[in-house]
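Participant: Attaching a single structure in structure tokens format; questions to follow.
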């Protein structure tokens, strides 16, 4: 039998858009601008939720968690992507790749759970308003948030450990912007059935179950809203949910495309499809975190009022 030459990888080479050198500078400028918007927009939301007492509610607590998560997620990958685009330095160390993979998977898993928690919060607020303060007490929503972060971290630790323990037989070129787990799995020269099985279980727990919670929460919310006699009450209820629904559609639309059907091998003649996958991954990794604070700011009077208050606040002398 022919032996497989298994070598230890000291680093990986991120391919990115190396096949399109003329547009790399354009992508550098776009990603840099979007990253700055992510830092500023989400940072302002976090500060507003801390210092404005009107935002000391479960919904805005979850929103500030989501903003902090978006900053962490993009900061784990965007700076290295910018460096590779402008300096052509595309290599990343083995440990650096593992860290990037861990944070990317952890933040994605946690965001799924947080979006589900936010949907449940809206369900309780609209369908059980008299019991809202009891059901969504501070201890409850802090535990819900902490559980989301802990579960996402554990899930990512399992997935990253299984992926980075695989043997890589000399091929260290990752056809992606970052150390995305599916792109790394394609380099393995061993059976990845266990990785695929655990990813399917992970998809069910962190993609499907939160989506089920979101779906049924909004079915009950829609039923309750349609039974309201007041048109003003219906509009107010819809407005409190519209921003969250928009974020859910954008987030799940991109993440399901990338992760719902993990592939174990690369088929020939799919260069254009791979480029499309990388650009969709970029959309999920940069555009979605950039849109989150914009969506919540434009469609929420409390957030706009809090931001306006912070901007007009006089410094203490």
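Positions of Cβ are set from backbone N, Cα and C atoms, glycine also.
Below are the features I grabbed from TrEMBL:
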type	residues	note
DOMAIN	41-296	domain 'G-protein coupled receptors family 1 profile'
TRANSMEM	25-48	transmembrane segment
TRANSMEM	60-78	transmembrane segment
TRANSMEM	98-120	transmembrane segment
TRANSMEM	140-158	transmembrane segment
TRANSMEM	204-226	transmembrane segment
TRANSMEM	238-259	transmembrane segment
TRANSMEM	279-298	transmembrane segment
Participant: Any chance you could find the range in 25-48, 60-78, 98-120, 140-158, 238-259 with the most Cβ pairs under 8 Å to the transmembrane segment (204-226)?
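Facilitator: Between the candidates 25-48, 60-78, 98-120, 140-158, 238-259, the best contact partner of the transmembrane segment (204-226) is 98-120.
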Participant: Applying the under-8 angstroms CB criterion, which one of 60-78, 98-120, 140-158, 279-298 scores highest with the transmembrane segment (25-48)?
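Facilitator: Maximum Cβ contact count belongs to 279-298.
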Participant: When the pLDDT values for the domain 'G-protein coupled receptors family 1 profile' (41-296) are averaged, what is the result?
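Facilitator: A mean pLDDT of 85 is what the model gives the domain 'G-protein coupled receptors family 1 profile' (41-296).
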Participant: By Cβ distance under 8 Å, which residues at least 6 away from the ends of the transmembrane segment (140-158) in the same chain are close to it?
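Facilitator: Hits for the transmembrane segment (140-158): 58, 61-62, 65, 101-114, 117, 121, 198, 202, 205-206.
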